[in-house]
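**Q** Got a structure here, written out as structure tokens. Questions coming.
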Amino acid sequence: MFGAIARFELGYQLRNPVFWVVSILFFLLTFGSVTVEQIQIGSGGNIHKNAPVAIAQTTLIMSLFFMFVTTAFVANVIVRDDESGFGPMVRSTRVKKFDYLLARFLGAFGAAAIAFAAVPLAIFLGSLMPWIDGETLGPNRLADYAYAYFLLALPDLFLTAAIFFAVATMTRSMTYSYMGVVVFLVLYFVINGVVGSNPELRQTAALFEPFGIAAFGEVTRYWTASESNAGMPPFEGALLWNRLLAIGLGLLGLGVAYWRFSFAERGASKRALRRAERREEKLAATQPRVVDRLPPVRPRAAAWARFWARVRFEMRLVFRSPAFLVLLLVGAFNAVGGLLFGGEMFGTPIRPRTFWLIDILLGSFSLIPIIIAIYYAGELVWRDRERRMHEIVDATSLPNWAYMFPKTLAVAGVLFATLLVSVLVALAVQVARGGDDLALGQYFGWYVLPMTVSFVILAVLAVFVQALSPNKYVGWAIMVGYLVASITLTNIGWEHPLYDYGATGQVQLSDMNGDRLGAARAWWLRLYWGAWAIALAVLAHLLWRRGTEARLRRRVGQLPARLASPAGAALAAALLVAAGTGAHLYRDMNVVNEYRTRDDDEARLAAYEKKYLRYENLPQPSLTDVRMNVDLRPAERRMVATGEYRFVNDTGAPLSDIHVRLPDRWTEIAAITVPGARLVSDDRAFKHRIYRFDRPLPAGAGGAIGFRTTRERRGMVANAEDPQLVANGTFLNNFEILPQIGMSRQGLLSDRVKRRSHGLPAELRPARLEDPKGVRRNYIADADWVRSDITVSTDAGQTPIAPGRLVSDVTADGRRTARYVSSAPILAFFSIQSADYARKDAVADGVQLSVFYDRRHPYNVDRMLDAMARSLRYYRENFGPYQFPYARVMEFPGYASFAQAFAGTVPYSERIGFLADASDPEKIDYVSYVTAHEIGHQYWGHQVVGADQQGGTIWVETLAQYSALMVMKQLYGDDKIRRFLKYELDNYLRSRGGEALEELPMERMENQGYIHYRKGSVVMYLLQDRLGEARVNRMLAGLIARHRFRGAPYPRSTELVDGFLSLARTPAERELVIDLLRRITIYDLKASGATTRRLPDGRWETAVDVEAGKAYADGKGAETRARLADEIEVGAFAKRPGAGEFARADVLLLERRPIGSGRQRVRIVTASKPAFAGVDPYNKYVDRNSDDNLVAVTAG
């Protein structure tokens, strides 16, 4: 009997159209992720599309969203008999409870498992497609697919199937089953976000996260591309226990379902019976009304009265349902996770400003409202038919719109309620965290109102689809298809908001600039899509299903006749509004402005490279002077820059041609003049001009270039707006607004797959370290050492700022004009800023320190001034003189999250520095760190800059990292640096697996941020620790003195490495320098145990068991073991290093001991009993797994 029932259920599910729709949908989704370059799950960089890790990650992610499908299969088992009316008949048979329940579950689960097999099948077939770049594929191994399907996916499917089977058993309701899915999904995402913000919870999550994503991610967290392409991780440890836990929870769910299931009919609850009794009593107490005559009949008024009655009925039905309360709680919980932990950097939170919280809410509510709209539209539209009341209801005289619009308003009402709840949660979080910015107007104007309109537009679409669908499941499938399409199609060129239903474009929020970047476009698009939504609503009204006739073809056939009514006029008006607004938007987006997709941009870059990269090494003159006048009109978002370059031919040979280009999209060349030269090529498409001198320019001779450029906002653009030139907070650099001399490869395509697809060489890389051409210019390419004279004018209420000494500042006729002149050579790399600033000053050793900030963001201004003063003091004492009499920090809108150093000026995003909550002394003070890093660039970058070749960034970024670390060490001590180094090490190790080309040693790195920033921090801290901070600083000071403001030939990284080698006092130190800078070296240091015993003299002897190893890696991550013989720190502590309460007094002993490859025991003696001990406790080495460096000490 068991087998027969299971086979029957399996056959029923396999014949169900839902099975085939789901199988095809997930097949196409997965197939697209493999075959479409712009859609990637799991792969990327050097990881193959069909790499074992990519197969596993794709399978795991798909299994997460497949829970909707498993629920549809298994919950249907419980609900189907009652809905079809066969329940009493089936339950009257002699079939056993075990056979009836579990055999049907097995059949339904089998169908879900077969449907999910479409995922690995799609990966396999996708990898065979002929159009895929062969370089992105590896061998197909059946074992990898079996591992992902049987060990990763099936436990997930079983877990979710069993849990929601139990929910369906207890509730006998598909509604509550799907509510359970939504609750489960939201809880999962929120908890995932909490874990992501707390790295110390990763190992716990690896065991208990139900889908195995955290476990698999933890096991492969530091895998390189070579390891990811080689095979699956061993099925052991946390991964094995996680899968066993998933199966165990699934069996528990089945047990609950079996326990709760009963063949007996479910009666009404006591609460429902009491409610029915009260209704009967109220009805009995109502006296019949006797009237002389009947009231006059007013059909239109009656229709409206019944319409509002239907609205109240639908709303009451929704808002009184337990499912609605569940959704509100889900919405609140969904908001809490992001609001509490969003925006953290190095574990330090951001202050709860309203614009920032709204940004978080918008991100949190991107998926959940769509799920709610899809679900409720199906439930409300099909409720009467499912309860077999539709023939009675449809026989009434109510018009179609009186049915359709209340359901739409009910769906919108649910979505609106979730918005209000999320706002209340945000306000509660602000109050709890001491927020001083409870801006209700911003919540309403920037969030509630626009999102409500967007939700209504979405609700109309959902109801329209259900009105035309043969059943609600097909309607749900269509809406899921819409959801998937809206996510994926934008990645393959379907980007224009005029054909992406409901698209409004991104509105970027900022305290400084409000919602002025994108808000106008968003409201125009809401008007456009609102008109289309009205058209869909009218069509839904005209095609509404009434009575027993459900065929869509018949309803469509009646459409022409039904259009001859006020509904037809409403449809025509809506289409007219859509056409008018659409025409206006199209003119702005495609005629006034150029519409370009991401594919267009890539093709444009490829064409530019093919045409002009051959001129990259063509000798060009060098700039010596820059004089310019920038006229800013912030309110109009318009700028005009005029000026003159002076240049000199320092190439040693006559020059015949000079190339002048302007690569920025938003700035136009109005005029360029080159006295003594004629224009021979004017490529307006690429803004690239070639001038030929009337007579070749002799070596040592000079010349001039006059220019005039313009930049302005013209209407609305289809995709990204210009975030640099804004009403308050303009931040422009010279590469964006001024012409450049010569050709550069910066900004060209770097992705190998995209390059090959456009017929370009697979790689475009800097000059090799041995190439003598690389030292002809610095790695900023077009930036020579120049003298500058910059005048900036702006609105009278704003402060114009540029590099240089302020020589005049005049306000007249509603304009403020300031002139800045350089007091020392600067790179031709500078910024222009203008905003309504408050200002705070300080003086440090004769240098005027200034912070220009939004007056609503005073929180960290004093901290920045202190960090500037400390940094300048340390750098002057250790590296040499500071070249300017000023140092300025200027806030800019948080459209980007970075700080950037120009000559004596540091633009600093409002999001990362000015809003950081650095009040907790146990958190990392990244405000001071970032400030010290940018001031460090005044030496490394603005006094010395590396050559334009491999290793060039070590001079600028790595040494700025080192400089900032030394300031932080002085500020907080060696013991507090450990947490920062841990973050940097973790970031570096994780980033290795995503390398697009190949990882290189630091001496040869190619502007790879995870190397020169993250690895650079760890390496430089270890070098100063081993070689001596003072000795390293003296060596660096010598290099600055040698290269300060020097042009070509620019210094190579080998000179810096040689400097460190000169400091090595022993062969071990020399080997360490080479390992860290000339090789990719990965250490494996582990404390496997520690025991302690008390000595007769009262001291404590601790034996630390250490396992150590070292390996050299190639660019793809393949490793070769090497012999380790070094002196590495071993320590004993009263508290765990890195914990918030850890302090210097907790260090009982920390000293270097000889450590070699393999296992060894190190004995240390301390005055008091240690609680923790370990090797490399401060994470100074590039250690593969720094989590196992410390262990708790036990009694010996």
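Note: Cβ is positioned from N, Cα and C throughout, glycine not excepted.
Predicted automatically and left uncurated, TrEMBL annotations should be read as such.
As listed in TrEMBL for this protein:
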type	residues	note
TRANSMEM	17-34	transmembrane segment
TRANSMEM	54-79	transmembrane segment
TRANSMEM	100-126	transmembrane segment
TRANSMEM	146-168	transmembrane segment
TRANSMEM	175-195	transmembrane segment
TRANSMEM	322-343	transmembrane segment
TRANSMEM	355-378	transmembrane segment
TRANSMEM	409-432	transmembrane segment
TRANSMEM	444-466	transmembrane segment
TRANSMEM	473-494	transmembrane segment
TRANSMEM	523-543	transmembrane segment
TRANSMEM	563-586	transmembrane segment
DOMAIN	865-1046	domain 'Peptidase M1 membrane alanine aminopeptidase'
**Q** Counting a contact as 3 or more Cβ pairs under 8 Å, with residues at least 6 apart in sequence, do the transmembrane segment (17-34) and the transmembrane segment (175-195) touch?
**A** no
**Q** Among 100-126, 146-168, 444-466, point out the range having the most Cβ pairs under 8 angstroms from the transmembrane segment (523-543).
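**A** Maximum Cβ contact count belongs to 444-466.
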**Q** Counting CB pairs under 8 Å, which listed stretch among 54-79, 100-126, 175-195, 355-378, 444-466 touches the transmembrane segment (146-168) the most?
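**A** Comparing 54-79, 100-126, 175-195, 355-378, 444-466: 54-79 has the most Cβ pairs near the transmembrane segment (146-168).
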**Q** Within this structure, do the transmembrane segment (444-466) and the transmembrane segment (175-195) have 3 or more Cβ pairs under 8 angstroms, counting pairs 6 or more apart in sequence?
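**A** No, these stretches are not in contact.
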**Q** Per the 3+ Cβ pairs under 8 Å rule, pairs at least 6 apart in sequence, do the transmembrane segment (355-378) and the transmembrane segment (473-494) touch?
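**A** Between the transmembrane segment (473-494) and the transmembrane segment (355-378), which are separate recorded stretches, there is contact, as judged by 3 or more close Cβ pairs.
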**Q** Go through the chain and flag residues at least 6 beyond the ends of the transmembrane segment (473-494) whose CB is under 8 A from any CB in it; none is fine as an answer.
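**A** Answer is 17-18, 21-22, 25, 29, 32, 36, 38-39, 72, 370, 373-375, 377-378, 381, 461-462, 465-466, 500-502, 597-599.
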